[in-house]
Amino acid sequence: MERSPAVCCQDPRAELVERVAAISVAHLEEAEEGPEPASNGVDPPPRARAASVIPGSASRPTPVRPSLSARKFSLQERPAGSCLEAQVGPYSTGPASHMSPRAWRRPTIESHHVAISDTEDCVQLNQYKLQSEIGKGAYGVVRLAYNEREDRHYAMKVLSKKKLLKQYGFPRRPPPRGSQAPQGGPAKQLLPLERVYQEIAILKKLDHVNVVKLIEVLDDPAEDNLYLVFDLLRKGPVMEVPCDKPFPEEQARLYLRDIILGLEYLHCQKIVHRDIKPSNLLLGDDGHVKIADFGVSNQFEGNDAQLSSTAGTPAFMAPEAISDTGQSFSGKALDVWATGVTLYCFVYGKCPFIDEYILALHRKIKNEAVVFPEEPEVSEELKDLILKMLDKNPETRIGVSDIKLHPWVTKHGEEPLPSEEEHCSVVEVTEEEVKNSVKLIPSWTTVILVKSMLRKRSFGNPFEPQARREERSMSAPGNLLLKEGCGEGGKSPELPGVQEDEAAS
């Protein structure tokens, strides 16, 4: 039998080294499938490969994790200093040209779009690395997100699509349960998720100094989560309620001017916010207030939104929103009421109507008059404005345009606010913009999230705080106004969920 020239010329010592290396590598990689390391014929001694593993293990211990679905995943998760970084050997990425094709392709398995970090509580979605939790609410949580491409931090709100579809803004609320849609209705009815995408496309195009900017939205089709990326405002909410040191009257006036301009801009875009309150008003670096958190907002058609559902925070709800009459009510007037409650909080550090029980709170909102404490003393003009904003009749309640002209707001005309035409321009979106309003995360991101849960030995939502159920309540503000700090920079979340109270679902 003839032997090939390559085999005849092979050094016996090299052949021995090859066999020893094959046995050693097989022992180290017995849990992985793949090509036999000895097939290359020039493997170095096993100590060369071991040296590339031990230093990495000393500086960054390899976490012990269960294998989930495929070998690709374990390769993607391989820590720094592993055999993928060896300069020689069957899995090296060095200049050797005699490696097996399968071994050569292994480094390309690692994705730069979706990956999971070895650090605790860190998941990466596309270019965003999710870090600590900075807020929470009834519809999801807010996490600090680091954009590696831009070297910049954002706030990523993780929302439940099921809850979003139930409460998110539609042109009209769906009919009551059990009723059927009328025959011969509108020519085109958008699917629920399409309606959400349409409104997201509008929110992405909103551009106003007093409205928080929505950067982009990521969607994982295989999961319930929807990820909204917002500008990060590190100064946080304008105030936490209750507050022992409320704002001076002049500071409250300046903040109200910002809120009214932002609210007028939203109404111009045919959006009602439905959850105006101090924790949803964030301070920018320039000291101006920005309206945030559109989790229960509504888009409307015509001159005003005609609403029939209850949403928002109980202590900030208008009487008509909690009425048992079943009649529809104005969305714009709803926002004015909530802004009036917010203004009251600014100067008194608490809500005008307080009770630990939801039914008692509703009764006070609908029936009791607004009471002004003796301290701190405020001007009669401010009291007049608050009473007009907290008019229990939405038909006679003051509107945004009249608030802008109120003597307390303008200092009797000395500081007029810009007209609607000067600071509002209607945003229109095309079908293409609606189509591209949400970026889809590759479906195998689900596997990454599952791996994160397995690593934490928890099968719950990795973004959901454990104490959420303990803090949820329908009463307000008593048990719901958890924090007592106030003032600028009380905390550093952008778009926190709900702190005065969680939005009612």
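Here the Cβ of each residue, glycine as well, is placed from N, Cα and C on the backbone.
Now, the feature entries from Swiss-Prot:
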REGION    27-66  region 'Disordered'
MOD_RES   SER67  phosphoserine
MOD_RES   SER74  phosphoserine
MOD_RES   SER100  phosphoserine
MOD_RES   THR108  phosphothreonine
BINDING   ILE134, GLY135, LYS136, GLY137, ALA138, TYR139, GLY140, VAL141, VAL142, LYS157  ATP binding site
REGION    167-189  region 'RP domain'
ACT_SITE  ASP275  active site, proton acceptor
REGION    435-440  region 'Autoinhibitory domain'
REGION    438-463  region 'Calmodulin-binding'
MOD_RES   SER458  phosphoserine
REGION    460-505  region 'Disordered'
MOD_RES   SER475  phosphoserine
MOD_RES   SER492  phosphoserine
> Between GLY140 (ATP binding site) and the residue listed as 'active site, proton acceptor', how far is it from one CA atom to the other, in Å?
Replying inline: 15
> How would DSSP class ASP275 (active site, proton acceptor) in three states?
Replying inline: coil
> Relative to the Cα of ASP275 (active site, proton acceptor), which of the binding-site residues ILE134, LYS136, VAL142 has the closest Cα?
Replying inline: LYS136
> Just how many other Cβ atoms lie inside 10 Å of the Cβ on ILE134 (ATP binding site)?
Replying inline: 22
>> Can you tell me how many other Cβ atoms are located within 10 Å of the Cβ belonging to LYS136 (ATP binding site)?
In response: 25
> What three-state secondary structure does DSSP assign to LYS136 (ATP binding site)?
Replying inline: strand
> What count of other C-beta atoms do you get within 10 angstroms of the C-beta of VAL142 (ATP binding site), across all chains shown?
Replying inline: 26
